[in-house]
């Protein structure tokens, strides 16, 4: 990555440190490698064999016991003073680190570099090479090199953090990862004008994540350092270390746009297929990084905990597991601010998340993020294949959920104007989104285009099509031409729909919102139900009439009235013969229905009159039942009087007497009262 081995920091020059110790040392000319075994170049025969991995080290007890507390303890606990063999298979850093530690014990000069310091520091901790045994032991010297040389250098911090990938959990426990992450974060947040150290920079075309093959670029005095100068160097890190660096950068207060751009750069490098075909830069680098990713992850036995989702029945490859881990980690560190990453990137990430079956909670969170920026999406990004057991080619349910999240976000923003103004000022600054109806209009056009594309799928049900088409409010569409194209495309792909289903499908569009061109096409479209064609013709006539009425206000009614008849006649002549015959039949049916309607109205009036008569009779009977008892008594008395009069008529000639006349008068009075 960097050609120079010396880097100037704060006016001091730091290079590789050479460690040596002459105390308690066996005189030797160095180590010799013979096959898989290391031998000390000395006349004294070795008396102690140490096995580390596949390598054997033929050493002497005394130099090791004088520096290593672990060697002392192992030999003491074995109760065997003549112990001649020891296995250290779990030593961090492996044979390379033990070779350097053994050379230090023999007093041989050891070069400390950014490439070997982390392994040697962990090996020294494992061998317990502390100050209790000897002053200036290996732990002290490696720790000093880390603190004063590595952490002050951008280059060395990246190299050391990269080398910690195979040292978990030792590197974590010794705080090497944390300290390197903090150092990288501080330097990444520095003012680009003050950067004087070398960095890789962003190449014009990413070919591989193998950073050792790239040339470094040192900024000159006249060269301006771009804000994204640190992207390429940080992107070589493994995902858990990358997360640690980004988290530390967030704490330092870097702009969320830069953090999002760094995450996008990392994703395009390590996730094959994230960039669409033909757009190039990240795709090749992603494919070439597969081996690098797999090799580093197989040795990962610790580090940052990641969520791994998936069913037991599905046994993905190691590469799929690594990619899923990367996606889940990236979702968790994307800044919460809107527009920190593009909607296109979120949708491509969501496509891979569904394909690799990431944790449902993270997938839902990613869908909500897409819903916040849904008006920025494109049709190509929305065409996400269905990776579940659905019969449809594309995941229509996913787009339905994204649209619901968008509508919820819009409703939330519109219901809280104070919150909206705050977000516009502080969080959404610099975005191109238009709030309110314009965003919904863009989404409506996007949904119509999506419906047109997915309607060609013969397995797409009418219900899914209708639900997605009707999800947006009516105010979101000022013109239904896009929706008409989707309906027509669905009718083409589903010729077996019944008349009822075709009518149900056409209800999703408003014929009054169709343009003149769309109306002309619909009038000749034999796939549409006859009723819809009639509505289209009527809507067209209304539009033409209104247009002529508007023109008549300017040019006069007489000169503009005749074209209305011509246009109407032309419109009817352009109608297919089958529709003209159907229109004649429809007229007869309409007349028959009118006659039947009049008959029903007449019967209804008769029934209404009968009901009123019955109601009056019922009211009269109710009044009679409510009369008082004294009136019923008078009625009974009048009946008795009538009976007595009849008896008198039967006895003799009816000669009215004065007493009878006096009796008749009150009877008439009583009758009148009753």
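Each Cβ is built from the backbone N, Cα and C atoms, and glycine gets one as well.
Checked against TrEMBL, the range among 256-277, 278-299, 300-321 recorded as region 'Disordered' is 278-299. Here TrEMBL gives region 'Disordered' for one range in the set 150-174, 175-199, 200-224: that range is 200-224. The average pLDDT computed over the coiled coil (590-624) stands at 81.
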